Amino acid sequence: MYQDLIRNELNEAAETLANFLKDDANIHAIQRAAVLLADSFKAGGKVLSCGNGGSHCDAMHFAEELTGRYRENRPGYPAIAISDVSHISCVGNDFGFNDIFSRYVEAVGREGDVLLGISTSGNSANVIKAIAAAREKGMKVITLTGKDGGKMAGTADIEIRVPHFGYADRIQEIHIKVIHILIQLIEKEMVK
């Protein structure tokens, strides 16, 4: 009944991944991002991650696998997803939704820390404000974006972009693969 739809969905996902994989710049950006994050941890820094909707879940997943574990047991790494409901509701109510991430970065971000901003469109105003706040603090910035990078294009030290112009879920599927690879590479870098 739905077999053709299932095949089409899986084929489109495979094609999106294949297109991303063809561009060596993506491979180099992932490697550079992992080294940047590990270097920050080694120097006593931390990573803050943020995004909206599914990207918010990815930001939380990224932090959880760093503080918890990925595939093997090892020490936890300093990672915080900006996801505290009381913070988000307070700042959203008192200042506005566009400030929910930047206020947190202003409060706890330090020079030498890293911000991971995730947006499939690259146009999330609250992530863009978080990037500006991170810059004010002297933090490094890594972004996971999609399509043409949107307004976030060119704002990061390292941008990892999935140039897919269809639905956001295809971009998110690549983002989670990138997140898992970043964690794997960070773990390798941390034991060097």
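Keep in mind that glycine also has a Cβ here, set from the backbone N, Cα and C atoms.
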Quiz item: In Swiss-Prot, the residues GLY54, SER55, HIS61, GLU65, ASN93, ASP94, SER119, THR120, SER121, SER124, ASP169, GLN172 are said to bind substrate. Which of HIS87, HIS180 is said to bind at that same site?
Solution: HIS180
Practice problem: Determine the Cβ neighbour count for SER121 (substrate binding site): the number of other Cβ atoms within 10 Å of its Cβ. | Solution: 18
Quiz item: On a count of neighbouring CB atoms within 10 A, which of the binding-site residues SER119, GLN172 is highest?
Solution: SER119
Quiz item: Reduced to three states, what secondary structure does DSSP give SER121 (substrate binding site)?
Solution: coil
Practice problem: Over all pairs in GLY54, SER55, HIS61, GLU65, ASN93, ASP94, SER119, THR120, SER121, SER124, ASP169, GLN172, HIS180, the listed substrate binding residues, work out the largest Cα-Cα distance in Å. | Solution: 35
